[in-house]
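A.B. asks: Annotation source TrEMBL lists transmembrane segment at A:21-42, A:48-69, A:104-122, A:134-156, A:162-183, A:195-220.
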């Protein structure tokens, strides 16, 4: 099978999520907005903010992934692109993975890159740990996007599927959230928690595309 | 496969469940009643487990068993439906979901009631087993919500099966990750490598109560499945009548 439909789906998803949402600004704005609501809600005591900051960023990252994924496959169902892929015998799992990866590139990676700034606002120590943290958020975000993609593919034919995606995907986010926040507490890359986080992300990368493909075949019927 | 196909026949299922479900109801209720009577009035209280409040164990532990067993059963039924397309397997998965959710809530509620006087708290976030059961509950909820959102029976079956299998793939990982938290829950004490270490005076009522809950669960699943089969038949009959008229 030629890689052409995969590449074109990737490029199209990249363009869509970049152009359709004011570039990376919209997800970044949502991420930052969700995060800065927290000090307003729980108070501004520096020690407490330092303790909860990494966790707040995980929650904001999970919410941002859910918000941006809602329409990832709906357009393909509506405009017939999905039917064309299936007719042409294109590898739907690879296409779904490419699209999800494109969404992570435009809406997940920028958040990870911005996490050091938010971490500083949450009173984290400046230093190399912030960059390690960005890497950890990037790896964990990838798992969020792939499991969220399964929820998005399952609810591709459901009108207003956003809440459904959240309910489906949140239990699948648990290992990433746990390993991720443990990794942020350790914050040295060779420790167990970052390795477990990377392993669970690899598991998501391996398993989620097939679930997405099965769900998309269902959506095309 | 031969046996599976034999069970997949709805006629045979209706004939079998016609007498098996009532039997399960009666025996299950009797066993639960006996277990509760033993648990509430006969066995001595255990002061290490909070005194009289430990008697809630005779509901809590069976509920925990069923919470886990019902998700496994739902995932297995989904797998069988997804591979072999036996309609009865989907009917079973659909019937198990709400019942599994109810027993999961029962497990969480009785656990909280037990936890308040013994640990001093209704809810303990860093207890691995409480968290696992809670996420099991969310998996059931997501499954039911997804099925309800689909516009046809066939689509609901397929989407539900995919989700149940994805969930089952993730359950070991979820369990492992929450286990990495420290736990103040007592360790598993009924089934351990060197046999049960619980005193026999507690073990028997507990086992009987667990069996009773399982039978009651099975009876309820069969009743829901029978209702679903009759509903489908009624719908077909109505369609046939309308077509003939």
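Yeah, the Cβs are placed from backbone N, Cα and C, and that goes for glycine too.
Describe each of these features in terms of where it is and what it packs against.
C.D. replies: Packing against the transmembrane segment (A:21-42) from elsewhere in the chain are residues 48-49, 52, 56-57, 59-61, 63-64, 67-68, 106-108, 110-111, 114, 118, 121-122: each is 6 or more residues past its ends and has a CB under 8 Å from a CB in it.
Residues 14, 17-18, 21, 23-24, 27-28, 31-32, 35-36, 39, 49-50, 52-54, 56-57, 60-61, 64-65, 68, 130-131, 133-135, 137-138, 141-142, 144-145 of the same chain lie 6 or more positions beyond the ends of the transmembrane segment (A:104-122) yet place their CB under 8 Å from a CB of it.
Under 8 Å from some Cβ of the transmembrane segment (A:134-156) lie the Cβ atoms of residues 57-58, 61-62, 65-66, 69-70, 72-74, 76-77, 96-97, 99-101, 103-104, 107-109, 111-113, 115-116, 164-166, 168-169, 172-173, 175-177, 179-180, 183-184, 187, 189, 194, 197-198, 200-201, 204-205, 208-209, 211-213, 215-216, 218-219, all in the same chain and six or more residues away from its ends.
With a threshold of 8 Å between CB atoms, the same-chain residues lying at least 6 positions outside the transmembrane segment (A:162-183) that come near it are 54-55, 58-59, 62, 66-67, 69-70, 136-137, 140, 143-144, 147-148, 150-152, 154-155, 191, 193-194, 196-197, 200-201, 204.
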